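**Q** My structure is below; once you've seen it, I'll send some questions.
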Amino acid sequence: MPPSSLRVVYAFAREMHPKTSDVFIEYGTAGFRTKANLLEHVVYRMGLLAVIRSRVKNGRTIGMMITASHNLEPDNGVKLVDPDGEMLEQSWEEIATRLANVSDNDLESTTAEIIKQVNADMSLKASVFIGMDTRYTSPRLAAAAANGVIALKGTPKEFGIVTTPMLHYCVKCRNDNTYGTPTEEGYYEKIVGAFKNIRQKLSVWGDYDTTLYVDGANGVGGKKLNIIKKSLGGELDLKLYNLGGNGGKLNLNCGADFVKVSQKAPVGVEHAPFQRVASLDGDGDRLVYYYLNDTDKMNLLDGDRIATLLASYITELVTASEAQDIRLGLVQTAYANGASTAYITKHLKVPVTCVKTGVKHLHHAALSYDIGVYFEANGHGTVIYSDKAKKIIRKIAQEGEPEQRKAAQLLLDFVDITNETVGDAISDLFLVETVLCARGLSAARWLKAYDDLPCRQLKVTVKDRNAISTTDAERQCTAPEGLQTRINELVAPYKHGRSFVRPSGTEDVVRVYAEADTQESADKLAAEVAQAVFDQAGGVGDRPTLPV
Ligand code: 16G
Ligand code: MG
């Protein structure tokens, strides 16, 4: 494309998506995320970048998802999806940030510079899939994304309202048709179809109850489960709450993030004692379970629990299939409950890797195993299976002894239920339901696998959260000087005490995590560490108080 045709990049910007804010914005853990009214020019520019990225990838399809996940309604965001359905390559985050922040007058020249820097052949075709969540600001932003794609003569395809993982899945399928059909229907056929298949083969029911309550966070995930519900027959009876009607507000006092962080039941769900509830986040990529007992006490089954459940079932099937040479491993972050890590290594005897927060880090580490199970405690995660593992399992499913074959066939269905591109609340829900059913487990019996250490998360506002640096998968703090020593001193007196601090990638705060043998201790330790952060890292506003 000759440089003169970049004029249209400026024309679109000036006429339709001018930069109206000088607030610096950064491509963070999950793309750009901020107040929706600050984002239109950013999303338009990401449309441009998606086209350039597609051309660098020889015309393979790139995804753009308009969402701010579990944030409240006024926020929105955008993230790019690479050709295999994974997060945008990290080295491009800086390019994305640069393009988002230049003035409209410099946009044309910066675009030209980037094209040159990444060596994009602008004569190639380019394809971009665009999806959005249910926010009222999303359609306008999706239109800006499409304009960005058109401005550089790429071809946008709009998927309308889809979950984030559905868009990842469609991008992957478009670039690799062995993975499935790149449509919402194709997604249902593969994932829900495999779930129905496996359910017909499972005979153990025990304490398993086919009724599942769902908290849809008033977002897109619940809406999609409402479509799926009709095709499930008697295999699973979904009772859906927080579907976005009746004045329910997106993620407000509901959804996976609310449940996990506040350890409280969401509003809008009619609870019954011991009834298991699956709670999704606003864009359908996180899942946690919980139940209330007969005294309304909250019992949370978070990402760590899901990871251990899935890993132990996969291990069982791999063993039963007598597949040789398949190395299974689990990836967690510092937020994983210490009790879960101990259970995985000592009881399941599965190796564990700990990495920095953010799906891209977990996904990357999971790739080093033949079967990698990765989950953040907040409920974002999935399983990925190497080509080698799939090949071995397929062979046994065809040629093995009857018992081995049976296990390998179950494993193949399990693989098909999994959205390997990214953590997916819907796919994970069907995986969990499969294991609970296969093992005849109620939620209460699932919880018995191990006892979580009580924990607490707090946030502290400081002048500059980037004054906090960390190392060792965020478990140690290297700046400001002296803070880690202070944390060590504070942790020392507590039995099973552990605490770490890290700057958030999505909010202007420092996050504090603490766990200990009792809730009282965990709360106190978290507050003490929060005070240390406030004092040593330039706290702003009220100093955190200790629990009374
Ligand atoms: C984003 C990340 C999530 C992480 C969270 C941490 C993706 C797709 N999402 O939501 O994995 O747990 O940020 O947020 O990577 P924080 O940095 O604000 O604690
Ligand atoms: Mg999300």
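Backbone N, Cα and C atoms are what each Cβ position is placed from, and that goes for glycine too.
Caution: TrEMBL annotation is automatic and unverified by curators.
Since this is a predicted model, take the numbers as computed values, not measurements.
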**Q** Suppose a student reads TrEMBL and sees D281, D283, D285 listed for Mg(2+). Which of S69, S91, S499, S504 should they find annotated at that same site?
**A** S69
**Q** Counting Cβ pairs under 8 Å to the domain 'Phosphoacetylglucosamine mutase AMG1' (302-439), which of 61-101, 109-172, 181-288 comes out on top?
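**A** The stretch with the most close Cβ contacts to the domain 'Phosphoacetylglucosamine mutase AMG1' (302-439) is 181-288.
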**Q** Within 10 Å of D281 (Mg(2+) binding site) by C-alpha distance: pick out those among the recorded positions S69, E376, P503, G505, R511, and say none if nothing qualifies.
**A** S69
**Q** Under a criterion of Cβ-Cβ distance under 8 Å and sequence separation of at least 6, what residues of the same chain contact G505 (substrate binding site)?
**A** G28, T29, A30, T357, G358
**Q** Where the distance is taken from Cα to Cα, which of the binding-site residues D283, E376, N378, P503 turns out closest to S69 (active site, phosphoserine intermediate)?
**A** D283
**Q** Pick the one among the binding-site residues D281, D283, D285, E376 whose Cβ has the fewest other Cβ atoms within 10 Å in this structure.
**A** E376
**Q** Go through S69, N378, our recorded positions, and report the one whose Cβ sees the most other Cβ atoms within 10 Å.
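**A** By the 10 Å Cβ neighbour count, S69 comes out on top.
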**Q** Which one of these binding-site residues, P503, R511, has the sparsest Cβ neighbourhood, judged by other Cβ atoms within 10 angstroms?
**A** P503
